[in-house]
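Report on the structure given below.
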Amino acid sequence: MPGNSFGKMFKLTTFGESHGVAIGGVIDGCPAGLEIDTESVQNDLNRRRPGQSAIVTQRKEPDTVEFLSGIFEGKTTGTPIGFIIKNANQKSKDYSHIKDTYRPSHADYTYDEKYGIRDYRGGGRSSARETACRVVAGSIAKQMLKSVSFNAFVSSVGKIELNKDYSELDFSEIEKNPVRCPDPEMAREMEAYIKEIRGDGDTVGGTVQCVIKNVPIGLGEPVFDKLHAELGKAMLSINAVKGFEYGSGFEGTKMRGSEHNDHFNTDGSTQTNLSGGIQGGISNGMDIYFKVAFKPVATLMQKQQTINSKGDEVEMQGKGRHDPCVVPRAVPIVESMAALVLADYYLQNKSSKI
């Protein structure tokens with residue numbers, strides 16, 4: 001199974017399944033001499049951890065990262081950084097009823113058809129549990145990019161949308177509520193709606209917006225490796241993601257060029273930022289901002305019609321512990337994938353000219 005690695009110079013390879021002994025990863029290409037704050041890495045993991053509030057899955061995992069190599073006396077050695085996160089709270093029996101049944105809109109059918117075998121326990125390799133490894137690597141990437149800030153937050157849940165420009169928001173409010181919305185009033189409304197959805201045995205989608213500040217000019221490569229293209233790939237690789245837009249996004253299609261152009265100031269900055277901090281696939285020093293769309297979780301506590309591996313029509317109902325809405329826990333994942341992209345291009349940019 002290829003496709004388990006991300007990045008060129010700052011490269012992450014992950015391994016493990018949802019109900020296996022552990023998940024883990026190897027980070028290759030991290031420069032030597034970088035001081036690593038392992039407590040900060042763990043704090044980022046805690047933000048993604050299941051069971052942290054009443055509106056997420058109640059699977060209880062400590063998600064404690066254990067570094068195996070590449071860090072000595074608090075600094076990177078330049079060798080591969082290996083780490084594992086042990087799985088502690090698997091309940092594989094919750095999935096015995098889907099051993100031969102395909103859950104609608106899950107990876108069950110496609111994995112079975114492609115590989116002829118699948119780990120049905122929690123989705124195996126297709127589970128979002130794998131994203132914990134991305135958070136570890138992304139946290140280290142953020143520490144390498146010390147001057148760059150990454151702030152992701154929930155901007156909508158279902159039809160409840162935060163209609164404010166990010167410049168009007170106080171990012172310090174993000175972690176003060178379980179939804180991770182920086183507007184306290186909207187956060188309460190979103191939280192109540194998620195609880196209502198959970199009570200119905202249903203799920204709901206939403207969006208996560210990310211704002212990256214103090215980005216160096218020059219990150220990204222022309223043509224096929226544009227910065228926004230790699231950000232899009234990174235975000236679309238996250239479980240349940242259905243869409244990605246940056247800068248003016250689809251709203252830009254409704255504007256005239258005379259309205260959309262970002263005019264320069266004499267210092268090279270721009271008076272507006274509809275480009276989203278990227279021009280010609282290369283960062284221009286302005287804020288990079290984008291939005292990621294997440295679908296409703298496919299596992300429902302309601303009865304659904306589906307088929308089994310023999311092609312027979314059957315009825316199934318979800319069991320186990322699942323998120324009614326993934327966006328609150330997706331916030332640190334979005335930040336981490338953005339950090340991996342920028343860290344990779346930061347190292348590549350070091351070789352762009354002599």
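From the backbone N, Cα and C atoms, a Cβ is placed for every residue, glycine too.
Annotation source Swiss-Prot lists NADP(+) binding site at Arg48, citing sequence analysis. According to Swiss-Prot, the feature FMN binding site maps to Arg125, Ser126, Ser127, Asn239, Ala240, Gly280, Lys295, Pro296, Val297, Ala298, Thr299, Arg321.
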Fill in: Same chain, 6+ residues apart, C-beta under 8 Å of the C-beta of Ser127 (FMN binding site), given in sequence order
Glu17, Ser18, Asn239
Worksheet item: Helix, strand or coil at Val297 (FMN binding site), per DSSP?
Response: coil
Worksheet, complete the sentence: DSSP, reduced to three states, assigns Arg125 (FMN binding site) to helix
Discussion item. Sequence gap of 6 or more, Cβ distance under 8 Å: name the residues on the same chain that satisfy this around Ala240 (FMN binding site), in order along the sequence.
Written reply: Ala128, Gly205, Phe294, Lys295, Val297, Val326, Ala330
Practice prompt. Name the secondary structure element type, per DSSP in three states, that contains Ala240 (FMN binding site).
Written response: coil
Worksheet item: What's the CA to CA span in angstrom from Arg125 (FMN binding site) over to Arg48 (NADP(+) binding site)?
Response: 18
Worksheet, complete the sentence: For the residue listed as 'NADP(+) binding site', the same-chain residues 6+ apart in sequence with C-beta under 8 angstroms from its C-beta are Asp63, Thr131, Ala132, Val135, Arg329, Pro332, Ile333
Discussion item. If you count other CB atoms within 10 A of each CB, which of Arg125, Lys295 wins among these binding-site residues?
Written reply: Arg125
Item to complete: Report, as a single number, how many Cβ atoms besides its own are within 10 Å of the Cβ of Thr299 (FMN binding site).
Response: 24
